[in-house]
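Taking it in order: structure first as structure tokens, then the write-up.
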Amino acid sequence: TAVWLFGVPFRGSLGVLILSSSLFMLCSLGQGLLISTLTRNQLVAAQASVLTAFLPAFYFSNFVFEIDSMPLVLRLISYAVPARYYVSTLQTEFLAGDVWNVILADLAGLGLFAVIVFGLTALTTRTRLE
């Protein structure tokens, strides 16, 4: 809608946009499943999701705050936030087009996060009802 309503240029490929969006949704789904397996009730799960997903995505995605101007410790933390890779892919696709060295690194980061979070979810899921 940004392209049609506001005339924002899109220089990349729709396939890369769909792939990166799908990987980001997979990361978010895995993170939600992990939180739901670790918490006992809905209130705690909602609070945990805000603290582990929304706030880090807001601060460490390079959308609002520049990651390069952060202290080293915060820059290192930002590598564990999938929104960092997704926003980078979106910026690249819209502004520069298919810059494959950036896109492949971001897709690898999203894929690695998805594998890790689903692996942790599989390890922590209880197989018996209590």
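Cβ coordinates are placed from backbone N, Cα and C, and glycine is handled just like the others.
Look at TrEMBL and you will find 2-91 tagged as domain 'ABC-2 type transporter transmembrane'. As annotated by TrEMBL, transmembrane segment applies to 14-36, 43-65, 99-123.
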Tertiary contacts of the transmembrane segment (14-36), defined by C-beta under 8 angstroms and 6+ residue spacing from its ends, are 45, 48-49, 52-53, 82-83, 85-86, 89-90, 93, 98, 103, 106-107, 110-111, 113-114, 117-118, 120-121, 124
Across the domain 'ABC-2 type transporter transmembrane' (2-91), DSSP yields 69 helix, 0 strand, 21 coil
Under 8 Å Cβ-Cβ from the transmembrane segment (99-123), and at least six residues away from its ends along the same chain, one finds 16, 19-20, 23-24, 26-27, 30-31, 33-34, 37, 79-80, 82, 84-86, 88-89, 92-93
